[in-house]
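Student: I have a structure I would like to understand better, so I am pasting it below and will then ask my questions one at a time.
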């Protein structure tokens, strides 16, 4: 029977139900269903008191009649309003009952894909059977530091709550994870441990958190197995205590295990596996190190093949073994121990394959040489005979004797399996023990968090001893859970001081007493185990006799005498008694253990070194067969302890469970209940039957019942006022909201027992929130109806007015139409008259034109006849002339051909004669040259002869030229003669023509007279036919030409268009390619800059860590006390005075030296970029070998300095072009910056190639010099020193080299022996020989070139002759052709000639161009040679400086007395003005007053912006002026160290960080502005240029200070982030900027922060005020405008990222009204940007993801068009983010609709092709790379005055 309080609560609820059923027609209820457990239905008829049934309609439209229970008359459960469905906390539901809980979980799991739900203090986790992206580091960071109710339910929220309570309450915590096998307990526990390891870190460098996580794969391998319900089921319980120190950092862990399922080692059911480690070993048996284990496939071993499922889909056992071995290694278990463990495991597998056969009915045997037993013995190091003996026998002991008894095959097999289980259990315990040893620490544990991963309530078809122990443990845990829930519930009521009756709840203590009390089940089981002949049946009878009549929770099955039933808190479970005694005893043959103890295998001996006697509790075993003859006397020296009985398994489990409960009761528990949604491991598939079974078993419904018995719904007064403001009248609203809520509730709810007023909350009975929601919905519906009525009235009136206006318009148009018809008739009448007039006129005019046309036609015919007659006469005359012309031409051609043949023959003979003469001369010349070569003897004679030969060849060239001129003259003379001959022949031809014409004319006249009559008629007909044919052909030809012309024009247009398109495409393609390349370059630059700045950040972090460790070692600080924040602070607080005292006493020196190491390393890296190679030479040898070139070095120094200056100028120009104009797109293709970049890039590439060649030359010279130095020791050893000379190909270069060698010889004393000792005479000799060889080579080359020129001239002469012959042939052929053909041939010839000339011109132009290119190449070669010489001089200079360096110099960051490699600082000579002088001993005072003690809020407010930077630079200028490099270095080092010191001390103060960021940048700009580089001097005045540094080049220090500025910038961003972080979520999401738009929904037990602005709540105005404060502070400090823009952009990115991340993790924030609030808030941020003039800084673009998310909440989400619009709109959001927002979308009012699953799938399909990161959350830690554009100052240094408030009176202006 329920307790009285519960009865009253139930009666009250029933009365409320009846009222609701009576008053509310169409109410929705839940009715039981066999398949779905509960079904939703709608009431179709009002319920009246006393009705026996309800008329309902199901959701599918089916009408049913639901019968009520005639005894109880209980009404169905009411359904919650849709607005409450899908809540994060089940306690937020108005109706708290089983169907509501089940439906809420189903909606969240299936529709929203949310696997976590709160149920009061319990986190319900449903296994999705799918990997979800919600466990990354970004999610951990998002939950870190948040209150448990402020984010969506998650295992990380529970872990954070435990971690926070541990730090806040100083109390140990526990997380209890329970559930069925396959529900996800192990994974949940693993994620909780990962959370602790991530947020807390370790207190040492031992990576304890990694070791804690590394224990998971080990325990999973040896303790998890595949079952029918779960592929990775934990077959043991474990409790892990994670220890923390006083700073709440992980220092170690400890693990306790419970009830390992040992039976799985020897038996597995179908579709199950043994423990994972066995299959991992079998899968890796092919590895070389496992060959000795003699393993094979898992199907070959009995212990791994019984389940017939050796493989798990998607799991690679080989890779899993690698993971396990790595975890072993991480935990300190070395390779030898690992191989020992694997050896024991392999031995177990072999032992299972040992086959035992029957010898007779009472004995058994193992066949000899059993392969697997042999392998077992070899692996464990025991003898084969002993193990085979004791596997088939056992000892029996009596009071006087000991006997050896053989075992039947079945008992021997069981003993073998018992041994296997015992070995595995020992191995399991050994591994757990060593894991704990690896996780233990020497640091004192301050507190701990325990994670309990234990089996849930289990009930199967056959339940045995394991299920009994598991359910016993769950009874204990459920009791503890009930007590804790009840305690929290009552504490809440007492804290709120409301009157109430104590709630009675179900207590399962009777069930626990039944199991563990005296004479309980466990007690009777232990007693039966002690009995000599105790059996399972006798034990069952004792249970029946003891409890069947005395305990209502104990029952006996009807059909069995070997089973019993226990009524657990979750369900009735029937247990089979078979096997209880054997499993409780857990016996193993003692002799087998003794054999193993005698093993040679050390690890196995270690496993059994503490082994107790594995005998039965009585010390003897009843025998079933005869004894052997062997009798052994007992050992009388046995210890008394051997007679002690070991504890049974049940007793051990009860004791360990009791210890666990004591531990849990001493901690604050947190509960995670894992639910298995289905038995088929289907992703996001929900089986209501299985779910409700687990909900009943895990205590979730008990929590609901306890909550429902009291006041389950709770509202704060502010939330109630905001939600139900619509139910109040204006006069009801009072200034006191608490009083207002009381007055309203008294009016709305008459029964005051339905609610109670607490101190801060209003408590409601079950169902009252639903009633209030109905009232609110009715009020809103009435308001909507009134609005609709008014709108419809307005619409109807508008419609009437439109109709009236339309009627008036119709009338107006009708009257107008009639008037137009009359006007049209009148116009038609007038038009008819006009038409008649014009018709008559037309007829008369037509008649007249016909007569006129007839007259004209007659005239035309007559005139045409006369013209034709005249034409025929002219045609006959023309034909006669043509006939005469052709005859005369034929005669002339015949004569011309004969003359031409004679002339050509004569020319050939003459040319042959001349060619033979020329050939003879050439042969003579060739022989003379060969003879001349033979005569060349001796070096001097050869040179003279070669010179003379050159002169002769020049003369020969001139003679050939003269001969060519003579040939040209003879050709012209011959041409003149031929022309005169041609004119004479033409005269003769004319005479012949005249005479032949007379004869022909007479004959023609005679013939004409004879045939004139007949020929005239025939000719007329022929001419007419020909004319017709000719006309047709011409017309056809003209048409074809026109068609062809049109086609050509079309093709031309097409080609032109195609060319234009291609050119346009190529232009666009090139533009795109250039743009993409430019963008890629910019991206790479930003990435490189970001990487560099991240490295600087990491460097700074390591420095701080080093300082902290050093401080901890030197000074003992008090313990840190953790606050409510997530992370513990690692910084120590200390005062400035103590710090400065340490600086005075020497601590500062150590820190400066630490910085010096880093700075020196950086400067060395910077120097290596500019140095091509560093050559170290000995000073004395250098002066001896190169004495003459020391003077040359001084001449080249200025040239090198100017070149260095030019390179710096180019570099500065490049940086200014790339960085200075980045905002205006100066980096686009074609822009000046882009051109400068390309030009300088090309120049750099060319310079790089030149430098590479110079390095090679320099190396070869060094080698040669070394060989020369070696040659001076012995002149007899030959050495080759020709590398340099062989590279000199020009005569001038050789000459210069020879002069250089002579000068070198002169530089030494004229002692030839000394010269010979130095090897210089040998060098001169080798140089002269090489010079002579080179001259010979050049002469031979020149001679070959002359020969080639002669051959070319001869070829040209031959071509001229061939061209002349061809021209004469063409002339002769043209004379023989008729005039038309002659003209055509002439044209053809002219075209060919012009083509040849053009070709010749092109070849000539190409040759000229090639010659020009060769000249350019020669110029470049000369330039290269010049640079080589300069490099030689430069290398000498470097060597001299390297030899002359002193050990007293220091690098930046080092102390003065520390030897370093100094930076090369060129000296300058400038004027000295605008400086501050100080003494060296005042440097510490300067740093102290100007940096360490300067307060930005105090003195610095009234200073000139950047004044400390100006003062430091003026002091630096004076050090430069006095040429004191030591002073420069120490000042810069002290400045950098002091800035770092003040930032470390006050790094959380925004004003301090901003102040020193501005001053550091100003100091950097001063170093650039006054460096003397032209790139930085463009904007200076002449006076400022005079103030440039004169002696030192501090370019490398500028880089160091730039890095310091980057560190300060990142510190500034972190400081701003820490300030803004608490404001963002409250101001951007929770605060209602537009009041009344969104109402507050019920939030359940875990209350969220109110969205209404209370005192202390951050609003959007708080964020804007903070941003304005940031901006004004930076402007006041004189921060560069470009830097301010970058800071603002980073601020807005943080705001957008944090807001969006919280939106993605908070279901209550994803609604239409919240989207409107977000868009309004974003608009306010944009307005702030406009007010500050920062719209172009890129800050608005960083908010684009947030803007699109807000738009996504507001757009329609139904149709495919909506999906397309969403896909095109949300370009800045990833697919995961879009789907997450749609899944989380929650209606706030009844008028909104949820997003359907089909629509979300449509979105996923459309976004499937997107290439993007799967990351859900934005990276809030991302910092954009910062740049510092050069910003010169117009302030003159000489005008700066130092305020007295700075206490810098020791500075003197110079």
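Cβ coordinates come from backbone N, Cα and C, glycine included.
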Student: Could you check which of 1085-1110, 1111-1136, 1137-1162 is flagged in TrEMBL as region 'Disordered'?
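Tutor: Checking TrEMBL against the ranges 1085-1110, 1111-1136, 1137-1162, the region 'Disordered' one is 1111-1136.
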Student: For the region 'Actin-binding' (657-679), what are the DSSP-based totals of helix, strand and coil residues?
Tutor: 9 helix, 8 strand, 6 coil
Student: How many other Cβ atoms are found within 10 Å of the Cβ atom of residue 179 (ATP binding site), counting all protein chains shown?
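Tutor: Around the Cβ of residue 179 (ATP binding site), 27 other Cβ atoms lie within 10 Å.
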Student: So how many of the residues in the domain 'Myosin N-terminal SH3-like' (24-76) end up helix, strand or coil by DSSP?
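Tutor: With helix first, then strand, then coil, the domain 'Myosin N-terminal SH3-like' (24-76) has 0 helix, 24 strand, 29 coil.
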Student: Using a Cβ cut-off under 8 Å and a sequence separation of 6 or more, which residues in the same chain sit near residue 186 (ATP binding site)?
Tutor: 220, 224, 232, 234, 453
Student: Within 10 Å of its Cβ, which one of these binding-site residues (182, 184) has the largest number of other Cβ atoms?
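Tutor: Answer returned by the neighbour count: 184.
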Student: Could you pull the average pLDDT for the domain 'Dilute' (1533-1809)?
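Tutor: Overall, the domain 'Dilute' (1533-1809) comes to a mean pLDDT of 86.
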Student: Counting every protein chain present, what is the number of Cβ atoms, excluding its own, within 10 Å of the Cβ of residue 183 (ATP binding site)?
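Tutor: The Cβ of residue 183 (ATP binding site) has 25 Cβ neighbours within 10 Å.
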Student: Residue 180 (ATP binding site) has how many other Cβ neighbours within 10 Å of its own Cβ?
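Tutor: There are 25 such Cβ atoms around residue 180 (ATP binding site).
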Student: Write out, in the order they occur in the sequence, the residues of the chain not among 179, 180, 181, 182, 183, 184, 185, 186 that have a C-beta within 8 Å of the mean position of the C-beta atoms of the recorded ATP site.
Tutor: 127, 230, 233, 234, 456, 674, 676
Student: Would you identify which of the binding-site residues 181, 185 has the most other C-beta atoms lying within 10 angstroms of its C-beta?
Tutor: 185
